[in-house]
Amino acid sequence: MGGDFRHFSSHVSLLLLFLLIVKSSSSFTPADNYLIDCGSSDETKLSDGRNFKSDQQSVAFLQTDEDIKTSVDSIPITDSNASTLPLYLTARIFAGKSTYSFYISRPGRHWIRLHFYPLNHPLYNLTNSVFSVTTDTTVLLHDFSAGDTSSIVFKEYLIYAAEKLSLYFKPHKGSTAFINAVEIVSVPDELVPDSASSVPQAPDFKGLSSFSLEILHRINIGGDLISPKIDPLSRTWLSDKPYNTFPEGSRNVTVDPSTITYPDGGATALIAPNPVYATAEEMADAQTSQPNFNLSWRMSVDFGHDYFIRLHFCDIVSKSLNDLIFNVFINKLSAISALDLSSLTSALGTAYYADFVLNASTITNGSILVQVGPTPNLQSGKPNAILNGLEIMKLNNAAGSLDGLFGVDGKYKGPIGGMSSKKLAIAGIGFVMALTAFLGVVVLLVRWQRRPKDWQKQNSFSSWLLPLHASHSSYISSKGGSTSRRMSIFGSKKSKSNGFSSFFSNQGLGRYFPFTELQTATQNFDENAVCGVGGFGKVYIGEIDGGTQVAIKRGSQSSEQGINEFQTEIQMLSKLRHRHLVSLIGFCDENKEMILVYEYMSNGPLRDHLYGSKENDPNPIPTLSWKQRLEICIGSARGLHYLHTGAAQGIIHRDVKTTNILLDENLVAKVSDFGLSKDAPMDEGHVSTAVKGSFGYLDPEYFRRQQLTDKSDVYSFGVVLFEVLCARPVINPQLPREQVNLAEYAMNLHRKGMLEKIIDPKIVGTISKGSLRKFVEAAEKCLAEYGVDRPGMGDVLWNLEYALQLQEASAQVDLSEDKTTMNIEMDLIPGEEMQSPSHSIP
């Protein structure tokens, strides 16, 4: 930095001049500065002043089996950052694993900037290229594809490098990889701190220096694009126009960049150049006494990561000190209360920045919302708020990845720990299951042909075989008597409507309950009658019709999320009737209420029977036998199988877990809580949707791709199966790290032949080995890493029924051997010789 000063006679003069240059310009000369225009034959000089070495000059850095390059004269791209477009006219192509290796002269953080554009090549279609890019410690891109030729792809990272930094390009099987340009550049130490404020507010987040970062958004608020030529670290700052959610409420403010000052020990031009601090957005009606909105910017991000967020402020709107005080919010959570810039900088027009780490749990809709707004009830100053710039960077996850759940070794590092699929085995199993399903359909057809004439009265087919569409059901008067079609029930009650009357009336929900009847049924909604609480409100036990117990779900008007899920549950249950789905009896919407009435499940959720009893409970819940557990799993599988295949349009439950499997007085299992359910697509394999569900049960592929299929329910059910077997929570953070996630821990032990180590000790010695083997086999298939490798619920049901047959057969044999351990062979009748259960739509 500062040039060669050896001709100065005094070392003191050298030091003074050096400090002067640093102070005045905050210039930075990187110790490592590798700029490569891949595939080019000549050096490329950009208009921003940077020189990229040609491919020939950089060949020493590359190790690859084949020398494949391509180039064009021009590309059909008009980009606002035109200075880098020459880099996309050439490319290196890799048919196999290839490596760029760079020697690092000064260890520390480095930029890794990657440029992609799929050029034409006579032998390779780069638009179809799929590949991964990693360093020795971090996955930068996993199964990446640049897509079509409509836009360039630029990726930017901050990675720690020691003596050598290697970039590995790994094409997907049968594909290629490519790269147009690579930048490896040293970064000032002060650019990223080791700690930052936490959001939600908590002790500071520490240890940032150990994380790799991907820069997702770098935005110049209130101004135009800032090119690398202006930024001392060659960064690009984009305009905030695409991100401003309410531009009508904001006003651009601009001052001369030369008037911006940097405080001692605070922000420098290396943190952000002065053009960033010289522009801002303020509130358009800042002169009003109480503006009733916030300035807001929304940026898309990925799920499953924490985010480093840097906000840039500079008071360029006030006429005097202490005239601007405002609040800062990130994802509607308080980040800074009553921010007074002048008290922090002691001057106007002075740069200031604040750093935060946003917890991954706060990201519910795939975006980050940054807001600033005036502090209410100001004693002095004018109600106003500003923001000058913002940066959002993704932190690597526990897999050491910035893109997905695979580690640098290519192994899956998600919730179940990298199981590999065996295609031939899956194909064989699939064939057998398909054949079994076909035979089941034949059996159904034969039964249909042989049905008795009075089949409707005798009910040869159970009423739950086919869906009962509520739009064709009858209204049963709450006073009893004959039924009559209820065409409209709201015409005379408009004054009492809660705003959802039209929604309810179109659903044909059956029995209508007056509010007074439900008050009586619950003793005026007595708190002692509460048997459950959720986002929708409370569930009460009540009695109707002279003693019939029911569950009464009373929606809370204060919860928007609960109301949305409440409506979804109405829509779903109005379509469905099945022995293994909780039945909807009726509803009430008087007095601004939203109340649903269900059949009462006296034995509560399955989870309570597995590990719900408290220690030293005087009335503990009896332990479920292995046979009972199998029957409960079979019933639940039947309910889910019906959801997926039995309705006119398949339904994906999306929240399968043991608290949503309820048991009646006979321990018959019924699936409940359809608040998160989605209709399956009619013509596509998945539904693109925001990720929802319960931690520990969530399908990692759904989490990763945000594409919901019925196989997501299958994954969750696989977790349930292990929960039933082991009788412990699916997530227990108090256990050692390798034991926290039940599904992952169980699969690891199963692969080692040590699964008996965590089986519920209350049933150890009662499970036949064949039954256990078939049960665990079903659970393992459900937890396959890719949905395409998981069985359907019908096939899972078949395996569970088979496991039950094996258990029953074993129980009939008088064993002379000791049955106290799981290591003793308990199946005198081999599983292979058992008669397979006939399979049909349950």
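Even glycines carry a Cβ here, placed using N, Cα and C.
Because the structure is a prediction, the values reported are computed rather than measured.
According to Swiss-Prot:
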- ASP655: active site, proton acceptor (ACT_SITE)
- CYS531, GLY532, VAL533, GLY534, GLY535, PHE536, GLY537, LYS538, VAL539, LYS553: ATP binding site (BINDING)
- 525-803: domain 'Protein kinase' (DOMAIN)
- ASN81: N-linked glycosylation site (CARBOHYD)
- ASN125: N-linked glycosylation site (CARBOHYD)
- ASN252: N-linked glycosylation site (CARBOHYD)
- ASN294: N-linked glycosylation site (CARBOHYD)
- ASN359: N-linked glycosylation site (CARBOHYD)
- ASN365: N-linked glycosylation site (CARBOHYD)
- 1-27: signal peptide (SIGNAL)
- 28-425: topological domain 'Extracellular' (TOPO_DOM)
- 447-842: topological domain 'Cytoplasmic' (TOPO_DOM)
- 426-446: transmembrane segment (TRANSMEM)
Candidates CYS531, VAL533, GLY537, VAL539, ASP655 (recorded positions) - the one closest to ASN81 (N-linked glycosylation site) by CA: ASP655
Pairwise CA distance, ASN359 (N-linked glycosylation site) versus GLY537 (ATP binding site), rounded so that it is a whole Å: 27
Residue pair ASN294 (N-linked glycosylation site), VAL533 (ATP binding site) - Cα distance, angstrom, rounded: 33
Site of maximum Cβ density within 10 Å, from binding-site residues CYS531, VAL533, VAL539: VAL539
DSSP-derived structure type at ASN252 (N-linked glycosylation site), helix or strand or else coil: strand
Spatial separation of VAL539 (ATP binding site) from ASN252 (N-linked glycosylation site) - C-alpha basis, Å: 51
C-beta crowding around ASN125 (N-linked glycosylation site), within 10 angstroms: 11
Inter-residue C-alpha distance, CYS531 (ATP binding site) and ASN365 (N-linked glycosylation site) (nearest angstrom): 31
Model confidence over the topological domain 'Cytoplasmic' (447-842) (mean pLDDT, whole number): 73
